[in-house]
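Colleague: I have a structure here, written as structure tokens, and I will follow up with some questions on it.
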Amino acid sequence: MANLSHPSEFVLLGFSSFGELQVLLYGPFLVLYLLAFMGNTVIIITVIANTHLHTPMYFFLGNFSLLEILVTMTAVPRMLSDLLVTHKVISFTGCMVQFYFYFSLGSTSFLILSDMALDRFVAICHPLHYDTLMSWAVCVRLAGAAWAAPFLVMVPTVLSRAYLNYCHGNIINHFFCDNVPLLQLSCSDTSLLEFWDFMMALAFVLSSFLVTLISYGYIVTTVLRIPSATGRQKAFSTCGSHLTLVFIGYSSTIFLYVRPGKAHSVEINKTIALVTSVLTPFLSPFILTLRNEIVKAVLRGQMQRLKGLHKALQ
């Protein structure tokens, strides 16, 4: 490493503090990753294959499940392979690419969550205008903006990291190329970058959270006016799973990234990042299906058809 101001590779410490015991983490993490992948894939296939689910609500749900798969793919496979080797290195280019896709896809997932909140707001508060306000053209534009905006904004963000002077070494105390560990390796003046990062967090995370919060404020007010207890329960049941995802996703991300400065506890950040990268994508399919009667009914119907086909083949 002759030129540490622009290293050719970074060393990811990952869970090296566990020593040889880190190998024991491979099995549980692999199981969680595979279950997250399969669970979200089942939701996507179910939404695509069943015409009853060809509605804006499930269109956004399919987008969110796809994002859960892609976000985990940017960090978890690399983390799993590093658990089995002693020399955990990633090329400089690979680090920048991972940084770009992880934060672009993560930002998109929050915008999709706010799209889901808007959909529920229109469905419950303005049901007579739902077909007009949430037409397929509108839904495609909302989803398209949610995908495009972070990927465009992250271009200057990742380029700024590529041209930093990394004179404090090339060892990243994390299992992927996270923002804070990279900034801590730099001896450049990063105050402007930190301000930019903070503004981007405000733009994508807090703004989408504000949209979600306001939408559910109106939803709760509207639902409480419904005279029938059954009607109130039905309205709240359609929003329960979404609210659970909102709480898990926003609470961890706001703690991690919506804070100016780089003097954060890397160990705490690493633990929370592990929750958002592995545990949340694993829980999402269960949260989305266990509280959604329509999805459960569709899945039961598909299971019955598969059983009937299996008996017919026998």
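The backbone N, Cα and C atoms fix where each Cβ goes, glycine too.
Among the features that TrEMBL reports, transmembrane segment is placed at 23-45, 57-77, 89-113, 133-155, 198-219, 240-259, 271-290. Look at TrEMBL and you will find 39-288 tagged as domain 'G-protein coupled receptors family 1 profile'.
Surface or core, plus neighbours and distances: that's what I need for these features.
Modeller: Residues 15, 61-62, 65-66, 68-69, 72, 76-77, 79-80, 83-84, 278-279, 281-282, 284-286, 288-289, 295, 299 of the same chain lie 6+ residues outside the transmembrane segment (23-45) yet bring a C-beta within less than 8 angstroms of a C-beta in it.
Outside the transmembrane segment (133-155) by six or more residues, the chain places 56, 59-60, 63, 100, 103-108, 111-112, 115, 118-119, 122-123, 126, 200, 203-204 with a CB less than 8 A from a CB of the stretch.
Listed as Cβ neighbours of the transmembrane segment (198-219) (distance under 8 Å, sequence separation of 6 or more from its ends, same chain) are residues 107, 110-111, 113-114, 117-118, 120-121, 124-125, 149-150, 153, 157, 235, 239, 243, 246, 250, 253-254, 257-260.
For the transmembrane segment (271-290), the list of distant contacts is 29, 32-33, 35-36, 39-40, 42-43, 61, 64-65, 68-69, 71-72, 75-76, 79, 174-176, 178, 241, 244-245, 248-249, 252-253, 255-256, 296, 299: same-chain residues at least six beyond its ends, Cβ to Cβ under 8 Å.
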Colleague: Near the transmembrane segment (89-113), which same-chain residues lie under 8 Å Cβ to Cβ, leaving out any that are not at least 6 residues past its ends?
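Modeller: Here the qualifying positions are 6-12, 60, 63-64, 67-68, 70-71, 74-75, 78, 143, 145-147, 149-151, 153-155, 157-158, 161-162, 172, 176-179, 182, 200, 204-205, 208-209, 212, 242, 245-246, 249-250, 253.
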